[in-house]
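Heads up, the thing below is written out as C-alpha cells.
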Amino acid sequence: NNGCVTCKFQAKGTAHQNKMKLKHSLKKLGNILRAILTFLFALLVLGVMVWAYVEGYQLATSMYGIISFGFYGLLLSLHVLVQSLFALIEHRRMKSRTKPCSYTKTVGFTISAYQEDPSYLRECLNSVKALQYPSELLRIVMVIDGNSDDDRYMMDMFREVFTDQDPGFFVWKNNYHTWDPTNAQQDEEMGTGGDADYVIGEDPQRKEVEHLIQTKQCVCIMQKWGGKREVMYTAFKALGSSVDYIQVCDSDTKLDPLATVELCK
C-alpha cells in the first residue's frame with residue numbers, strides 16, 4: 001500500500017512539473033508571437049507613413065496649403081486619444097482599489113534647502129504646515145546646506161511659519177562627513193575641549209543634532225555645506241528608526257494637502 005501511495009505522489013508530482021513546463025513554454029511562445037506582431041505592425045505603420053510622405057498625401061488641407069493634416073498627424077491624434085483612454089482606465093482602476101489611510105504610521109518629513117528663493121521657500125513651508133496628516137505623527141525636519149549668515153534667512157522663515165509648534169534650531173559647524181578629530185585634539189590640548197562628556201574623535205554637536213531631531217516635532221538644522229546628498233543624509237541618519245516612513249521634499253516644492261496621506265496609503 002505504501003508503495004502505491006508513493007507511486008501516486010510521484011505521478012502527481014511529474015504531472016505537475018509537466019504542466020508547469022507546458023505553461024512556461026506557452027508563455028514564452030506567446031511573448032515571441034507578441035514581439036513579432038508588434039514589429040510587423042510598426043513596420044506597417046512606418047511603410048504607410050513613408051508612402052504618404054512620398055506621395056504628398058493629405059487628409060485635409062486649407063486653401064493655398066497653409067494648413068494641412070496628413071497621415072502623421074492622424075497617427076499622433078490617435079496616439080493621444082489611446083493614451084488618454086488608457087490613463088482614464090488606469091485612474092479608475094487605481095481609485096477603485098484605494099484603501100483608507102490607517103493614520104497609525106509616523107512620518108519623518110525632510111526638507112532639503114540651499115539658497116532657496118524666499119517666495120518659493122515660504123510656499124513650500126506653508127504647504128507642509130497645511131498637510132492633512134495628524135501632527136502628532138508627523139516630524140518635520142528642514143536641513144539647510146550652509147551655515148553662514150547668508151543662509152540664516154531660511155532658518156528665520158522656518159521659525160516664523162512653525163512658531164506655534166515650538167520648533168527647535170541648531171547651527172552645526174560641521175556635517176556627518178567633515179568632522180576632523182585632529183582639531184578636537186588641538187582644542188583639548190589648549191584647554192577648550194568643553195564639558196566632561198566631551199569625547200575625542202566624536203563631534204559633540206552631532207549628538208545635539210540627533211537628540212534635537214529625535215525629540216522635537218519641528219526642527220531646522222543649518223550645517224556646513226556639502227551638497228544635497230549630505231543634507232539628506234543628515235535627516236536620514238538622525239531620524240534613524242524613530243519613524244516608520246521618511247518623506248523627502250525640496251525647498252521649492254509646493255505640496256498638495258493630501259500628499260502625505262496618499263503616500264501612506
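Note that Cβ sites are derived from N, Cα and C of the backbone, with glycine treated the same way.
Because TrEMBL annotations are produced automatically, they should be read as predictions rather than curated entries.
Annotation source TrEMBL lists transmembrane segment at 32-54, 66-89. As annotated by TrEMBL, domain 'Glycosyltransferase 2-like' applies to 111-174.
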Tertiary contacts of the transmembrane segment (66-89), as residues 6+ beyond its ends and Cβ separation under 8 Å: 45, 48-49, 52-53, 57-60
DSSP helix/strand/coil residue counts for the domain 'Glycosyltransferase 2-like' (111-174): 31 helix, 15 strand, 18 coil
Mean of pLDDT values spanning the domain 'Glycosyltransferase 2-like' (111-174): 97
